[in-house]
Amino acid sequence: QIELLKRADRERTANKNAGGDSNALVVKADPEPEWILPTRLSETWTLRRLASVFNDISMVPPGLEFSSAEKDRPANPWRTTKRVVLATVDTDSTVVYYIIHDGVVKPRPN
């Protein structure tokens, strides 16, 4: 997140130096592919079952179509472990999303 803010600030400064009149800080984050695990609230999940999910997946989902510019960009340096987005739906169609990591993950510095 800090790198995104620094890049946006550099672009804003360059725009001002080029004669631009906008003082807005525009942050553009690239989308990242994620594993989504759809579940129902009534399902029972155990650590063993989650471990088997993590054993069966790669760091990022395969088979996505990327443009040549996206293929050349570096991978996210913060992505150090496997993770899935657990999408849990209830009978009233409420959906709650949880990001679950494989193992213990140190929080990002602010």
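Quick reminder: no glycine exception, Cβ is built from N, Cα and C everywhere.
TrEMBL does not curate its annotations; it predicts them automatically.
Keep in mind that this is a model prediction, so the values were computed, not measured.
Under the heading compositional bias 'Basic and acidic residues', TrEMBL lists 1-14. Within the chain, the compositional bias 'Basic and acidic residues' (1-14) has long-range Cβ neighbours (under 8 A, six or more residues past its boundaries) at 22-29, 108.
Here TrEMBL flags 1-25 as region 'Disordered'.
What TrEMBL records for 29-110 is domain 'tRNA-splicing endonuclease subunit Sen15'. Taken together, the residues of the domain 'tRNA-splicing endonuclease subunit Sen15' (29-110) have an average pLDDT of 81.
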